[in-house]
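Novice: Below, the features straight out of TrEMBL:
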- 46-55: compositional bias 'Basic and acidic residues' (COMPBIAS)
- 93-103: compositional bias 'Basic and acidic residues' (COMPBIAS)
- 125-145: compositional bias 'Polar residues' (COMPBIAS)
- 46-171: region 'Disordered' (REGION)
């Protein structure tokens with residue numbers, strides 16, 4: 001579940017809020033790549049700190065660990081919510097970095113395609129000129145069935161020979 005800006009501001013102190021506020025949409029596009037990396041590193045540190053604090057508070061509330069620093073009352077839900085705020089900010093930064101990488105890759109591909117097209121247009125054609133020339137005409141294709149057939153005159157004589165041979169046997 002996402003947390004709106006008003007709730008984020010209520011959960012964080014001023015320094016953390018300015019860091020998280022820079023990860024929202026209009027502001028994140030103004031950040032350079034170095035600033036994005038630095039913000040991600042800082043947010044990861046804050047996220048890890050809140051994760052550890054939330055874990056410790058949970059163990060204290062379950063009675064598995066002794067309370068540390070008695071002057072810090074509260075439940076373990078607040079560090080958990082703060083951890084969610086930092087996780088969402090990290091997610092926004094990662095998405096922006098990925099978007100920038102995809103845009104850079106796309107522009108690189110387009111540039112290389114433009115270079116290839118320009119090179120192709122500059123190249124001289126290697127095809128021969130299209131001048132009319134005489135041709136030998138259509139070549140004939142021999143039918144393979146023709147060579148194996150028995151001539152028609154022979155067909156009748158074979159059947160006549162068989163007829164005569166059978167008549168001799170029958171006498």
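Glycine too: its Cβ is placed from the backbone N, Cα and C atoms.
I would like each feature placed in context: is it buried or exposed, what are its neighbours, and how far apart are things?
Specialist: Residue counts for the compositional bias 'Basic and acidic residues' (46-55) under DSSP (helix as H, G, I; strand as E, B; rest coil) come to 10 helix, 0 strand, 0 coil.
Long-range neighbours of the compositional bias 'Basic and acidic residues' (93-103) within the same chain, counting only residues 6 or more positions beyond its ends whose Cβ lies under 8 Å from a Cβ of the stretch, are 23, 28-29, 31, 33, 36, 39-40, 43.
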Novice: Can you count helix, strand and coil residues in the compositional bias 'Polar residues' (125-145) using DSSP?
Specialist: 2 helix, 0 strand, 19 coil
